[in-house]
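Comments concern the structure below.
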């Protein structure tokens, strides 16, 4: 993004004008005049060639603020951070006291660290920059006659844009069509109420932005309706761009002085502001108030270790009687450095960047790095159903008309082709059909034209609603059926088209179409229905057509036709119950059921007139029910099972009917298949409607035996209440959302997840992560990736800190080795310490950050953000590994000096090599080789904190060679360790480098000690891991019981709720002997 050409502001630009001046501002022109001046096509949009030339001429549609990846900033950040500054300080001390060799080595290590860190972080920043472009807003446009979605930055003046509820307007747009269209312009004008737009109006040139009702402004959000318009201004030429250009400045990092109402301030307020500014700057430099929470914690840990390092340095000086010799000072500095995890923050940043890149491959875009840490701790997922757990490809499976009976569609899997499949007809209602038996038990297969001929008026009246109360269109092009619109509406439109009642046939296709749409009342999540007013051009009659949730539609219906003769009768309470029973029969099959209704409309509105919803949605005639099947995604059930194995509860929050939601929830595993065995009070709590849940007080919700696993007819406000209820139970939740009204719940959730395909721009902006495929399985993949990142961070931090303890322990205990003058003989030379800290350990730490997930990562309970990575197991491991390495290193040094040597520690062996120091130099080389090997081996052992290094894949049959495959899987870690092994030998044997720089000597028979120590290292670590496995196995058996392993996943998850079902009974649906005439008579009565 940073390299794209952006539009540059013109000082003479006038508000309301285009990038290239028009004869008048856009709001003063009719849209036809504007289209002519911009050479735009209001039907087919721009051509690809036009777009390319205009993009070259006008630049990208952004505000010119993108800076891209700046190498100089990365280099400065690599140098000007607390860890590097400590090394620079050590380098300065070394040169200051004349220890040029040590100073030179530290300089080399600093340069190596900065160079490697720069390239790694540069790559990470490039990754993050590409991810930012992936998560940037998109826009629906028409080009070359086809609808498409493009990044908002690629929009040019003259583009034809389609906008709907929830979208963020991508540029300044002159409207050419608006249906109940309202926008929120508070960002631009400060107006708190939505502004209703009128595409036909024009205004004087000098009209202010807030009064230009024919213009939709860039960055405004659509609160209602839909519209189409021509882009006339992009980038800095938009109204919001002009404001941004005028006010653009860098965020001030200076604290403001607190002043009195008269603008004056007391002197101490200036001191307070300057002090806070200084502490902020220090905090940013030290990294304790920037980055993610974990990055801040690790920066604070580094500061704590820095304090411990100073104490260690003082101990070294004290043990040497505060002798101010070069070697003592350097050793004190090196001992201090051994406690500082110099690569920690850099490795953390690189690990997170690599994790976000991996997530893109799994259809997840991370918008907020904090969510990477939070994902591993998620205990509950609140997910929508349609398009997330299900495929979002609706098929109309059946319809019920009171006057006719039941129509069932079968033998089709194509959601857009009305010519495939068969239609069965039966005079009985759905609740009297045996759908389980299917086939002839559900009626006779008949041709659709014959069914239309057999019906006098009821079927056509039903199909008019299905076709016209519907914004979706389907048509055949090149032997392929194409559909455009919402999946629900497409399914209903396909059903109507089976009977040759296609919407396009009615409203277009000739100079004088049969029907004209006069007004549209869009679907509203509060009333859960939509309506249109249509005019029959032949008779000049007006009709209102409505569809929506069954309960909400029958509330506004007063009549229905009991027979196919057009005679209407009043709806009685008994008939309302009959409607609901048939709805439940369809919903019990997992169908989403909608009601259709219509009436002649008393009025003669013109297109564009504002119509009151109350005048349309009242006194309607109930026409029937339609059942839509949205099959679950094949991967949903395995993903839900994986969640249960990982200790995560899944909640379905959907707008569907309870029976529909319940059927799908059972199918994917959110609810137990044996619901009849669940105690009545628990099953009632597991499945609730939003109205029932919202009617409960917080205390009553908290007393529920279980929070609802399914909430049907869910409203956006219910999602917020659900999050609050989970938080009161100390749960950590992820919430999905796609609509404008979902933004409060997405912000309130611990992890907000927006849908990339169906989600609104407002929802995406409020979210932490975006799913590019709207798939529930991708949420589980994101959680798995979050746990992997958390695991890897824990692994490399443990590796670093265990090494720090080992080094500090070896150096501090080694102070007890005294020469003839009573001065300490150092078991490791200062340069050896610095080399192990920076050169040997840094790359394996990065390699651990790239490690793949361990096999059981999704069979563990969620991580605790309260303890974070510093669990009790982590702390005990850190101390054990550190002390075990310390013991082995000191033992190796002692064996060479005292076991196989004469115990002579020589003279001045800390300063230079002489004949009396031969044993000490050999002992140092042995200790250096041991510590190097232990650091490298420990990295491999950290791949799994509990499993044996030789048996990390328990199911593998390769008992003796599996470890070879495991070490090769992470090639970065493999080569980092191999390089660490290889570089050890030149340091031991190259003259001058060994005795003068590293103050050790090449070894021969001492390799035997190194190999034995390495064997003991593995034996100790493997024994420790074995003990941990036994401990946790016993603890889990006591906690969960011996029979836990033999239970299926449903018993594990729902076992405490499953019991006797003597009180529950279910009646088999289906009665082939029903008396149809008695049923009809009862309905009429």
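The backbone N, Cα and C atoms fix where each Cβ goes, glycine too.
Your range for transmembrane segment, going by TrEMBL and the list 845-864, 945-964, 1005-1024, is 1005-1024.
Ranges compared are 328-353, 354-379, 380-405, and TrEMBL records transmembrane segment for 328-353.
Which of 79-97, 136-154, 155-173, 174-192 counts as transmembrane segment depends on TrEMBL, and there it is 79-97. Of the listed segments 790-817, 874-901, TrEMBL assigns transmembrane segment to 874-901.
Range 103-122 is the one annotated as transmembrane segment, of 43-62, 103-122, 203-222 (source: TrEMBL).
When the ranges 257-278, 279-300, 301-322, 411-432 are checked against TrEMBL, the one recorded as transmembrane segment is 301-322. This prediction places the mean pLDDT of the domain 'Cation-transporting P-type ATPase N-terminal' (25-99) at 79. Long-range contacts of the transmembrane segment (1005-1024) within the same chain: residues 877, 880-881, 884-885, 888-889, 891-892, 895-896, 900, 922, 925-926, 929-930, 933-934, 937-938, 941, 948-950, each at least 6 residues beyond the stretch ends and with a Cβ under 8 Å from a Cβ of the stretch. Proximity of distant same-chain residues to the transmembrane segment (972-993), defined by a Cβ-Cβ separation under 8 Å and at least 6 residues beyond the stretch ends, is recorded for 835, 839-840, 843-844, 846-848, 850-851, 925, 928-929, 932-933, 935-936, 939-940, 943, 1000, 1002-1003.
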